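Asker: Just dropping this structure here.
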Amino acid sequence: MADKIAVLLGGTSAERDVSLNSGAAVLAGLREGGIDAHPVDPQEVDVAQLKAMGFQKVFIALHGRGGEDGTLQGMLELLGLPYTGSGVMASALSMDKLRSKLLWQGAGLPVAPWVALTRAEFEKGLSEEQKARISALGLPLIVKPSREGSSVGMTKVVEENALQGALSLAFQHDDEILIEKWLCGPEFTVAIVGEEILPSIRIQPAGTFYDYEAKYLSDETQYFCPAGLEASQEAALQSLVLQAWKALGCTGWGRIDVMLDSDGQFYLLEANTSPGMTSHSLVPMAARQAGMSFSQLVVRILELAD
């Protein structure tokens, strides 16, 4: 008898709507590939009962907290259910932008200069040292919650008097935030499925940066795959991404986002261990360039589940 597969979608994070779209696409793709797949929304169903409900494997199409931060992965480990994507530690590290940056920096990999702040520090008032460190980053800045995805709570700051509002917004979503130097070059993303590094994608948003609207709502965001890099640049990008992937301990499938600054240097932005799978999503786009249909992609990801 074929395995009964749970496709986890929706959930309770700020990225619920994106996850519902991802999950619906994954469900259709798995069924097209002959898989006995069923939708399960953790907002409505107790996922601790998945094994009792007869499921043998889990395809995680959840984004954000409770889906790709290691908590769900830990529960599935305890249940003894194989699942797609990275394990507990790699999922938790990848969801946490600050810890990812610290780990990559420790491994000698390039990351943008940053300052981290906690909610307690913000509410007490920034010290002169903290103000000086933020000032040294220059303008523009990018302010982001450490543990949110899909650019939720993120702001580009171009004037000093806008910083306070950007910090307040980011702290609505997390107790720890990052203030980063703005990198002005193009953004790239590189997907990994199993041992295969897929062709890179260059992202060109219509607005000032690749925010939530550009990712999921706008039809004006442009994607280039192949990315138009020289062969040596593409090789350097893929090598950097693989090092970043391995440093975090990621497995299965996912995506690493990278910026090419005006100095010609690639800088790591963040890792995504449960990337979007909507009509606007990037992993399916890279897979198509590599000759893989959407159905073949999701079946392959499921095969990698352990």
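Glycine residues also receive a Cβ, built from the backbone N, Cα and C atoms like all the rest.
Got these off Swiss-Prot a minute ago, pasting:
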DOMAIN    101-303  domain 'ATP-grasp'
BINDING   134-189  ATP binding site
BINDING   D257, E270  Mg(2+) 1 binding site
BINDING   E270, N272  Mg(2+) 2 binding site
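Give me the lay of the land around each of these features.
Answerer: Applying an 8 A CB threshold to same-chain residues 6+ apart, the list for L183 (ATP binding site) reads A112, M259, D261, Y267.
On its own chain, D257 (Mg(2+) 1 binding site) has E187, F188, T189, L268, L269, E270, A271, N272 as residues at least 6 apart in sequence with a Cβ closer than 8 Å to its own Cβ.
Under the three-state DSSP scheme, N272 (Mg(2+) 2 binding site) falls in the strand class. Cβ-based neighbour count (10 Å, all protein chains) for N272 (Mg(2+) 2 binding site) stands at 24.
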Asker: For L169 (ATP binding site), what residues in its own chain, 6 or more apart in sequence, show a Cβ-Cβ distance under 8 Å?
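Answerer: V143, G153, T155 - these are the non-local Cβ neighbours of L169 (ATP binding site), listed in sequence order.
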Asker: So if I measure Cβ to Cβ from I134 (ATP binding site) and keep only same-chain residues at least 6 apart in sequence, which ones fall under 8 Å?
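Answerer: Those within reach of I134 (ATP binding site), by Cβ under 8 Å and sequence separation of 6 or more, are V115, L126, L141, L163, I179.
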Asker: L141, A162: which of these binding-site residues has the highest Cβ count within 10 Å of its own Cβ?
Answerer: L141
Asker: Would you identify the secondary structure of E176 (ATP binding site) according to DSSP, in three states?
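Answerer: For E176 (ATP binding site) - judged by DSSP and reduced to three states - the answer is strand.
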